[in-house]
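Asker: There's a structure below that I have some questions on.
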Amino acid sequence: MRHPLVMGNWKLNGSIHMVHELIAALRKEISGVAGCDVAIAPPTVYLCQARHEIGGSRIALGAQDTGVNLSGAFTGETSPEMLKNVDVKYVIIGHSERRTYHKESDEFIAQKFGVLKELGLTPVLCIGETEAENEAGKTQEVCARQIDAILNAHGAQAFKDAVIAYEPIWAIGTGKSATPAQAQAVHKFIRDHIAKQDAAIAEQVIIQYGGSVNDKNAAELFSQPDIDGALVGGASLKADAFAVIVKAAAEAKAKK
């Protein structure tokens, strides 16, 4: 059975004081919660501090992005080897903010995916459609294209022990969210699409939902059979709200 993952993407938020306070509160809030994996992805400059703050807890460390080069004259980049060196486990790639603001292509994201897998890091591949694409009925087409970039470059086996996060772009940071039924339909499509190449891999791949997940809608989302946790934005900056989401994922798994 798949183990849900709830991961907090802190985006461009944080300070030394905030990292300390938030992790301390989060450790207290989720102490004793089982049945759900938990990770946080702070800004890169706070990874080492976060590693120290989560020490001895069940919280795993994530990163918000990675470069594809391991070393060299690449000013401003962070290599996946560096992330591994500070005990990062999960690495978010393909987030819509990277695709939009940094013009990252499906092929470039597939390159990142491959490098992470080679180093034993877990890619968290973000996919999803814009509001215009959603209204035009192109959700499945867009998600298939983004998944196919990985399948074509690396094969279905690359999704073994990987994570996919379906994040409809129109729901990120907007307060809007797909209904549980809408999200489930897309998650099932993603799983079925991978299953065309490898049913066993498709069955075990974790597919998170992202896009204005909060403490109010998490439980209903997680009740759906193909939703395996969440990639959480704004709500991950509040320990109590994030903890409610973690607990909802754990409770939903116990019922499945």
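Cβ from N, Cα, C; glycine included.
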Asker: The substrate site in Swiss-Prot includes Asn9, Trp10, Lys11, Gly173, Gly233, Gly234. Which of Ser57, Ser71, Ser212 is also listed there?
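Answerer: Swiss-Prot names Ser212 for this substrate site.
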Asker: Gly233 (substrate binding site) to Glu167 (active site, proton acceptor): how many Å between their Cα atoms?
Answerer: 11
Asker: Given the substrate binding site residues Asn9, Trp10, Lys11, Gly173, Ser212, Gly233, Gly234 in the record, what is the largest Cα to Cα distance, rounded to whole Å?
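Answerer: The span, Cα to Cα at its widest, is 14 Å.
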Asker: For the binding-site residues listed here (Asn9, Ser212), which one has the lowest count of neighbouring CB atoms within 10 Å of its own CB?
Answerer: Ser212
Asker: Per DSSP, Lys11 (substrate binding site) is which: helix, strand or coil?
Answerer: coil
Asker: Taking the centroid of the Cβ atoms of Asn9, Trp10, Lys11, Gly173, Ser212, Gly233, Gly234 (substrate site), which other same-chain residues have Cβ within 8 Å of it?
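Answerer: After dropping the recorded site residues, what remains is Ile172, Val232, Ala235, Ser236, Leu237.
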